[in-house]
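Single-structure report; data block below.
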């Protein structure tokens with residue numbers, strides 16, 4: 001489908017507003033699931049590791065299914081996908097209010113809501129990129145803050161709704177609020193070109209030549225039949241023999257020859273269709289081979305390999321605080337009188353601040369975005385090591401704010417990926433990295449919960465989390481050190497699709 005030139009304004013700002021509210025409505029509850037996590041622990045009496053799977057699935061399944069989400073948006077468009085996903089998110093939240101056990105929540109909240117959020121994220125990013133070119137960074141930055149603002153508001157909102165209406169009433173009301181996604185999705189008008197050819201013409205243009213061969217051969221059979229009948233009539237008029245026996249013999253011969261021609265034509269059709277399917281399968285196989293070859297070329301880049309390990313370890317260790325911080329405060333026996341604001345709300349608002357400030361810093365020419373990202377990883381690891389020593393609300397609130405700010409490094413991650421592999425490989429590389437980020441999101445909270453079930457305290461769990469993030473940061477730092485320049489200077493000997501990260505001050 002051909003698109004007009006992005007207007008960088010006009011209806012595009014409506015798209016930004018509705019995309020902001022879409023991410024606000026769909027990600028508010030899954031990101032603030034730590035409030036619901038406490039209620040599920042009390043309601044079902046399961047272990048912390050098993051219960052943590054609900055929130056981790058809701059936040060990780062969308063990233064794991066990002067290739068499928070991209071295919072859906074490319075095939076059906078952003079508006080239909082957004083409307084359908086709105087029903088998924090609202091239905092999953094409402095179904096969760098009737099959950100009889102934790103396993104039901106794995107499906108209703110973890111998979112249904114998580115997959116709906118993944119589809120909505122892909123739809124909002126895609127439609128925004130279509131409407132903006134020069135101001136694309138600003139537009140994407142604005143809509144990405146919707147999820148962080150949703151975390152800030154939904155943490156307090158769900159806490160208040162649980163006190164007023166209970167857990168079931170809270171999920172029903174939050175699900176009803178999510179139905180507003182349908183109104184937002186209906187405003188995502190596609191940016192189509194008015195000069196695009198009609199669907200019928202496009203379909204005809206895409207039909208392979210082999211199919212026209214079948215039509216020509218069928219035409220040839222009909223012509224042969226008509227010629228045969230004409231010859232038989234001429235012969236009969238010349239001889240003028242009113243012999244019924246002779247007529248029957250000629251008819252039988254004509255029919256038998258027609259049947260033979262039809263059988264031969266049918267066999268040729270089958271052979272040609274088989275060859276066409278073989279060629280199609282061969283082309284598909286070549287595409288798969290090319291994809292895997294390009295993937296292997298990406299992993300030959302030392303910085304990309306280290307970045308892949310770093311993002312996996314960062315999500316394993318850095319995501320659990322947003323889910324478990326409320327339970328950490330309860331385990332530390334902090335009085336509710338000292339509880340001025342939910343810790344998850346602090347994480348949410350500071351994540352918004354972090355995204356904006358880190359994004360602005362990344363635009364300065366003197367800032368190396370890779371080193372900036374490594375710094376956020378190392379500081380996150382140190383903050384995670386400090387959580388076991390926090391015994392008051394004030395210290396936990398400060399650590400929550402620091403972790404929230406550093407989690408805003410998601411805004412500079414596309415910059416780092418682009419500098420690492422080049423703009424030509426960004427889509428391929430980013431898809432791989434997001435898949436492993438989703439894997440880390442899914443595994444992190446259950447692992448921390450299992451550590452608690454094993455040791456009956458969170459200290460070991462957060463030591464493990466901090467170690468994972470620090471390990472990923474150090475590996476990425478080692479891969480980006482200038483000592484590797486001697487190797488990267490030989491990039492002319494590498495395949496043309498290989499890219500190296502130049503760790504200069506103006507990267």
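Every residue, even glycine, has its Cβ placed from backbone N, Cα and C.
Because the structure is a prediction, the values reported are computed rather than measured.
According to TrEMBL:
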type: TRANSMEM; residues: 12-40; note: transmembrane segment
type: TRANSMEM; residues: 52-73; note: transmembrane segment
type: TRANSMEM; residues: 80-98; note: transmembrane segment
type: TRANSMEM; residues: 104-125; note: transmembrane segment
type: TRANSMEM; residues: 137-157; note: transmembrane segment
type: TRANSMEM; residues: 169-188; note: transmembrane segment
type: TRANSMEM; residues: 303-319; note: transmembrane segment
type: TRANSMEM; residues: 339-358; note: transmembrane segment
type: TRANSMEM; residues: 370-390; note: transmembrane segment
type: TRANSMEM; residues: 396-417; note: transmembrane segment
type: TRANSMEM; residues: 429-452; note: transmembrane segment
type: TRANSMEM; residues: 464-484; note: transmembrane segment
Long-range environment of the transmembrane segment (370-390) - Cβ separation under 8 angstroms, sequence gap at least 6: 303, 310, 314, 317-318, 321, 328, 332, 358, 361-362, 396, 399, 402-403, 406-407, 409, 412-413, 416, 419-420, 458-459, 462-463, 465-470, 472-474, 476-477, 480, 501, 503, 507
The transmembrane segment (137-157) in contact with the transmembrane segment (12-40), cutoff 8 A, at least 3 CB pairs, sep 6+: yes
Contact set, same chain, for the transmembrane segment (104-125): CB under 8 Å, 6 or more residues outside the stretch: 19, 22-23, 26-27, 29-30, 33, 40, 53-63, 65-66, 69-70, 72-73, 78-79, 81-82, 84-86, 88-89, 91-93, 95-96, 140, 143, 181, 185, 188
Remote residues contacting the transmembrane segment (80-98) - C-beta distance under 8 A, at least 6 residues beyond either end: 22, 25-26, 29, 72-73, 104-105, 108-109, 112-113, 115-117, 119-120, 122-124, 167-172, 174-176, 178-179, 181-182, 184-186, 188
Proximity of the transmembrane segment (429-452) to the transmembrane segment (52-73), 3+ C-beta pairs under 8 angstroms: yes
Positions whose Cβ lies under 8 angstroms from the transmembrane segment (52-73), at least six residues beyond its ends: 30-31, 33-34, 36-37, 40, 81, 102, 105-106, 109-111, 113-115, 117-119, 121-123, 126, 319-320, 323-324, 431, 434-435, 437-446, 448-449
